[in-house]
Amino acid sequence: MFEDKPHAEGAAVVAAAGEALQALCQELNLDEGSAAEALDDFTAIRGNYSLEGEVTHWLACSLYVACRKSIIPTVGKGIMEGNCVSLTRILRSAKLSLIQFFSKMKKWMDMSNLPQEFRERIERLERNFEVSTVIFKKYEPIFLDIFQNPYEEPPKLPRSRKQRRIPCSVKDLFNFCWTLFVYTKGNFRMIGDDLVNSYHLLLCCLDLIFANAIMCPNRQDLLNPSFKGLPSDFHTADFTASEEPPCIIAVLCELHDGLLVEAKGIKEHYFKPYISKLFDRKILKGECLLDLSSFTDNSKAVNKEYEEYVLTVGDFDERIFLGADAEEEIGTPRKFTRDTPLGKLTAQANVEYNLQQHFEKKRSFAPSTPLTGRRYLREKEAVITPVASATQSVSRLQSIVAGLKNAPSDQLINIFESCVRNPVENIMKILKGIGETFCQHYTQSTDEQPGSHIDFAVNRLKLAEILYYKILETVMVQETRRLHGMDMSVLLEQDIFHRSLMACCLEIVLFAYSSPRTFPWIIEVLNLQPFYFYKVIEVVIRSEEGLSRDMVKHLNSIEEQILESLAWSHDSALWEALQVSANKVPTCEEVIFPNNFETGNGGNVQGHLPLMPMSPLMHPRVKEVRTDSGSLRRDMQPLSPISVHERYSSPTAGSAKRRLFGEDPPKEMLMDKIITEGTKLKIAPSSSITAENVSILPGQTLLTMATAPVTGTTGHKVTIPLHGVANDAGEITLIPLSMNTNQESKVKSPVSLTAHSLIGASPKQTNLTKAQEVHSTGINRPKRTGSLALFYRKVYHLASVRLRDLCLKLDVSNELRRKIWTCFEFTLVHCPDLMKDRHLDQLLLCAFYIMAKVTKEERTFQEIMKSYRNQPQANSHVYRSVLLKSIPREVVAYNKNINDDFEMIDCDLEDATKTPDCSSGPVKEERGDLIKFYNTIYVGRVKSFALKYDLANQDHMMDAPPLSPFPHIKQQPGSPRRISQQHSIYISPHKNGSGLTPRSALLYKFNGSPSKSLKDINNMIRQGEQRTKKRVIAIDSDAESPAKRVCQENDDVLLKRLQDVVSERANH
């Protein structure tokens, strides 16, 4: 897209642009100020970039930005944004379709580095376009179901002005109904704020027009005689319309994926009063809207009102769908008649394909599957429209909470009452505060979006409260069973847990209704830190079985957003947690479970298949065994490998509010304190308390296998393992561990010990130490646990999945992948400030580039970015707008350390990512592209470490730290696996000892191979495979063969091919 051009040609382009802009401004009747600003912006961008394509298309982008910046004084309101030039007019004059506009506008915003507010405006505009497009595609078939086909009508004959009015045609009715809908939606934005409400508003408009067609004399010819909503006696000769207008809302909801309760609510409480208001204002007239004397006036009045709305408030004229040039102007194919020429059909097919491509890239209504979320998903559901998906999401949500109330159930109340301190009052108080804050912000109009009606806010809140109590009960029942009746006060008294859970339930409800209030809106209005919120996401997914695939993908993408960027903001609670832990960032080896690493230096093959489930048919969200022989009740299974108590662990109940998510001090530090301060220790008799039946009361801390290094008077050190409970008084009660029969040891009475008495420990006690070491090795836990460790465990997992995907696409060796991983871990552990206000992918891409450069296995920046863009989370803003400097001297401090050999240069993309240095927002910060960040900041911090892995420099190689272990991805659970929730069909791997088919076998590709290949295969089968005389390579054989050696040497290529096959299957 971006190429260098000679200066002379550039000057000619600018001159031509000036002429084209002048022509555009004259056609639009634009003011000189906006025109001059648009030309200046275009010239500035043209000086840094070579703009590909039509000049007028880029001018349209520049012109739109200039128009939105202009301020016009008004009589009543003071000022008005914009200059009364709609986007539709600009695009029509520039002959630019909306889809092309959104594509070019994103590039224009990146090149001109427009502020975030403007980007959000374009995103809202694009979403409005998508909602309108989706609804229009539903509008046509519904209209054809109710009324006659407007495209089969004979064309109107030309008539003079003096001729009498003629009745409205079906096409006129089609246009009027849509215009009435978009006008109502635009002026009644509290209803049209999401896809579900907008769709039900459309059904109300259709219901109104149907009622007028039935009630109006001699207008029943407009109706489709086969419509199921017609009165039972409609086809009789003596049919007469009733005095009360008929209502077909229920029929439309049944036939076209509507929600009856929602649609009736909008009709009765909002739509009918608004139509009455239009009659009062004389915008609508007559006893019947379709009457011969009033239809033309009504149509003109509604169109006039809507035009005023577009000029003053709106941006996007949604009547563009009705135009004859809709295909060219917006990309939405019109309903074609049966005699449409073949060429026209081809053009419409191309437009529809472009529209589909646009939606697939945007993925607003069907979120893409995050790389880390695929293990939670169920099987794919049948392909449905976005409207059906949205209404079904609401229906599914309502079915989840059916029969429940927004209050704790009897079972949950019993759990509350079993606590030492009943938390019900505090929970009610928290939920009340959240409800008030939510309703206030949901109904409040802002620059980002209009406020909704209080009834919608209350309805959403009630659904979320019911879901909250349902999930809370499931979590508490599971935790009670897992912990054998342990007191739940410590968890239930943590405000952050309840606030996070309620916020997650509200997000689920908002997503189900396709609300434009997208994440992180909910945590922003509730003032909830992302670093705390992410913990509850996996708990919700695992505990609520009724969540749809799209909902699970949405929640998982939220978790990824937090882990990759939101939790790393400068004001994040993460930095406080790091400060509490003495700024010791845990390594991957310290937080990942020991059995979750790849074995060997190169990694095992199994761990090299991140996205390859045992079967692409189903990704089970929760591990379930559905066989008769091994079925387990769901309510008896643990919610998560990491318990809720562990996620929300706090040292004591008393300090929970102050240190809710502070990193628990390591047990070694606690024991150091015990030794230096001479803490009193008590050993409890085995008859009174054991490690198995101990229960932790509020104010106590469990010490599990803690060790205390004690230096004796002779200078020798001994390690004494402890297993006990610490209380607020500073005393620790030691709990005896169960011993083998030959090592039986009994304590007759509690012995009071101090640290001084422990100094003289005898080496004769080594048997006890060995026994406890054996006991501790059976505990398969990470070296570091707690809130901070959980966060970094998920961060490392997310980064490893993305890096693995990149390496597979770029055919990177396992050795280089581990070096990249080691470098990435180094930046997180030793340079955590590099992540502040930045994105995880930025460090990952830089680590990839520098290690490939050092090891001479170079991949160009263009190759890396091409593979990165194919990842579902990829966004151009990640590599085009990177924080360079928020604190003075940060860049300068490391400029001197840069070596030209490591400078990131890519001719194809260097210009593409060139961003003007400017400040965005009140915080002083300089932003640039990823290349500039790499060259000015990253290399200076990482170069000395990366050079240690330079194979050409043996001196550096001697200092190279060992490569960090790389996490492997757990494969999907074993067979048999259910492939459908509707049918009892299971699959298992084929247990066959025979060998694989040699690669030299015949291959036939459907729609690609000649028929001769198929004939050869058939002949071979008829002959009993006589021609397969070659040696078969057994998959389970241990014998080494040349074929096997070749396969192992090229395992990355083979794995990539397998990966492509799985991806293709998953996408179909």
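Placed from the backbone N, Cα and C atoms, the Cβ positions cover glycine too.
The phosphothreonine annotation in Swiss-Prot covers THR369 (among others) and rests on experimental evidence.
If you look up Swiss-Prot, you'll see THR385 (among others) marked as phosphothreonine.
According to Swiss-Prot, the feature region 'Pocket' maps to 385-949.
Annotation comment: Swiss-Prot describes 385-584 as region 'Domain A', evidence class a curator's inference.
Taken from Swiss-Prot, the feature region 'Spacer' covers 585-780, and the record attributes it to a curator's inference.
Residues or ranges marked as phosphoserine in Swiss-Prot: SER640 (among others).
According to Swiss-Prot, the phosphoserine annotation covers SER650 (among others), on the basis of experimental evidence.
Residues or ranges marked as phosphoserine by Swiss-Prot: SER749 (among others).
Per Swiss-Prot, phosphoserine is recorded for SER762 (among others).
Annotated phosphoserine per Swiss-Prot: SER964 (among others), in sequence order, evidence recorded as experimental evidence. Non-local contacts of SER964 (phosphoserine) by the CB criterion (under 8 A, 6+ apart in sequence, same chain) comprise THR587, CYS588, GLU589, ARG818, TRP821, THR822, GLU825.
Feature annotation from Swiss-Prot assigns phosphoserine to SER975 (among others).
According to Swiss-Prot, the phosphoserine annotation covers SER988 (among others), on the basis of experimental evidence.
Positions annotated as phosphothreonine by Swiss-Prot, on the basis of experimental evidence: THR997 (among others).
The feature phosphoserine is assigned by Swiss-Prot to SER1009 (among others), with experimental evidence given as support. The DSSP secondary structure for SER1009 (phosphoserine) is coil.
Annotation source Swiss-Prot lists phosphoserine at SER1041 (among others), citing a large-scale study or a structure entry.
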Nonlocal neighbours by CB distance (under 8 Å) for SER1009 (phosphoserine), same chain, sequence gap 6 or more: LEU1003
Average pLDDT across the region 'Pocket' (385-949), rounded to a whole number: 71
Conformational class of SER964 (phosphoserine) under the three-state DSSP mapping: coil
